[in-house]
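Engineer: Input: one structure, supplied below.
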Amino acid sequence: MSPKSKKLFNIIMLGVAFMFMFTAFQTCGNVAQTVITNLNNTNFHGSGYTSMAIIYGVFSASNLISPSVVAVVGPQLSMFVSGLFYSIYIAVFIQPFTWSFYTASVFIGIAAAVLWTAQGNCLTINSDENTIGRNSGIFWALLQSSLFFGNLYIYFAWRGKTHISESDRRTVFIALTVLSLVGTFLFFLIRKPEESKTLEEEVSATDESIVDNSSVQSKATRAVDAFKSSIKLYFTKEILLLSVTTAYTGLELTFFSGVYGTCIGAVNRFGTEEKSLIGLSGIFIGIGEILGGGFFGLVNKDNRFGRNPVVMLGIVVHFVAFYLIFYNIPNDAPIASFEGTDNRAYMNPSKALAIFCSFLLGLGDSCFNTQLLSILGFLYSEDSAPAFAVFKFVQSICAAVAFFYSNYLLLQWQLLIMAVVGFFGTISFFTVEWEAAAFVARGSDYRSI
């Protein structure tokens with residue numbers, strides 16, 4: 001197998017492993033609050049929103065140390081161990097207790113930081129400036145296929161149900177736990193690419209004296225260097241601007257992965273299909289993500305137009321989705337009780353419109369995330385792990401904030417917050433991309449940033 005073929009194989013295997021893991025985890029997140037409100041065990045007092053807030057809060061803090069962990073352990077083993085913690089979190093729902101639910105939320109937050117930092121490193125060392133856009137699209141399409149498969153099962157398993165029994169819950173989460181473990185073990189099929197830089201080499205490459213002495217450099221020193229690289233990146237102009245865009249992806253991630261499905265499941269006017277519609281919503285979010293990731297991966301082969309048109313499409317699609325959701329879904333749906341809500345918005349709730357909005361949410365999300373992965377991998381090809389750690393730090397802390405306020409804010413205010421942050425995030429991305437084009441026109445290299 002040629003070096004190029006080996007790198008493409010690694011990207012595909014990385015995407016397939018994440019597809020299995022996140023078929024389990026994203027399906028779990030999509031139905032968690034609905035499952036919890038249907039628990040017969042009165043001793044359980046957990047909240048799906050609170051759990052996700054804990055996960056993303058710990059996730060954000062852990063991104064400060066995750067580059068150091070990956071530098072010492074390596075990306076492959078880092079992803080494997082993180083995958084085990086994802087499986088444990090999902091398994092908690094088989095027989096949930098409040099203490100185990102929240103404890104697992106803390107550990108998966110730490111694991112997520114390490115997992116995504118290692119993923120960014122793996123994506124970058126298997127790409128170059130000509131393939132980073134294509135590889136980002138391939139990875140994103142495979143990853144988001146998880147939304148399709150997991151939620152397809154939920155749709156058929158819960159079709160016609162107005163209450164989720166213990167038997168239903170256990171069957172679903174046993175299957176999801178097995179899927180997560182399968183994805184975890186697939187990380188061992190990723191091969192080390194030839195003539196590529198690992199995180200250890202990236203860190204040492206920042207200083208010539210470190211390069212000369214890399215053979216005797218201690219793991220502790222490499223970990224400290226990776227941590228310092230992360231801190232320095234936080235205060236660069238490019239990262240500060242991209243942080244606004246990243247913040248928006250964190251807010252809308254919370255909305256489509258946890259809040260919107262709960263809203264649909266709470267609308268009593270949808271009748272006996274309200275619970276199965278949660279699964280159908282997830283399927284169409286996944287279809288939007290897959291189509292967007294696949295298409296924009298192909299578009300990135302020809303980079304004449306840059307990344308801005310894709311991001312512009314993403315924000316327009318999301319603004320249309322927000323307006324239609326505001327028009328279709330009752331305002332109290334995110335915080336409705338177990339009985340759901342009988343209220344209406346500005347029209348009788350439409351199932352077809354609700355599912356169409358799911359597709360738009362997924363399509364818009366793929367626009368933003370594929371382009372963020374692409375520009376980060378290109379800008380920081382020599383320092384990828386700290387860059388992706390910063391990206392996930394900002395994204396996860398905003399997701400944690402959004403999951404927290406989702407317990408209290410009506411739908412209209414959640415949509416307004418996303419619209420405002422999305423607008424400024426788009427402008428910030430445009431600024432970075434315009435400057436990037438200027439660097440290329442002058443024959444510059446992003447390594448000078």
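Keep in mind that glycine also has a Cβ here, set from the backbone N, Cα and C atoms.
Feature list, courtesy of TrEMBL:
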- 7-26: transmembrane segment (TRANSMEM)
- 46-65: transmembrane segment (TRANSMEM)
- 77-94: transmembrane segment (TRANSMEM)
- 100-118: transmembrane segment (TRANSMEM)
- 138-158: transmembrane segment (TRANSMEM)
- 170-190: transmembrane segment (TRANSMEM)
- 239-257: transmembrane segment (TRANSMEM)
- 277-298: transmembrane segment (TRANSMEM)
- 310-329: transmembrane segment (TRANSMEM)
- 352-380: transmembrane segment (TRANSMEM)
- 387-405: transmembrane segment (TRANSMEM)
- 411-432: transmembrane segment (TRANSMEM)
Engineer: Of the stretches 7-26, 310-329, 411-432, which racks up the most C-beta pairs under 8 Å with the transmembrane segment (170-190)?
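Structural biologist: Checked against 7-26, 310-329, 411-432; highest Cβ contact count belongs to 7-26.
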Engineer: Might you confirm whether the transmembrane segment (138-158) is in contact with the transmembrane segment (100-118), defined here as three or more C-beta pairs under 8 A between residues 6 or more apart in sequence?
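Structural biologist: Result for the transmembrane segment (100-118) with the transmembrane segment (138-158) is no.
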Engineer: By a Cβ-Cβ criterion of under 8 Å, what residues six or more beyond either terminus of the transmembrane segment (138-158) are in contact with it?
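Structural biologist: Sequence-remote neighbours of the transmembrane segment (138-158) are 11-12, 14-16, 18-27, 30-31, 123, 164, 168, 171-172, 175-176, 179, 275-283, 285-287, 289-290, 292-294, 296-297, 362, 366, 369-370, 373.
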Engineer: What stretch in 7-26, 46-65, 77-94, 277-298, 411-432 has the biggest tally of Cβ pairs under 8 Å against the transmembrane segment (352-380)?
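Structural biologist: Stretch with the highest Cβ contact count: 277-298.
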Engineer: Within the same chain, where does the transmembrane segment (411-432) have neighbours whose Cβ lies under 8 angstroms from its own Cβ atoms, ignoring anything closer than 6 residues to its ends? I mean 6 or more beyond.
Structural biologist: 238, 241-249, 251-252, 255, 259, 263, 307-308, 311-312, 314-315, 318-319, 322, 325-326, 329-334, 368, 371-372, 375, 402, 405
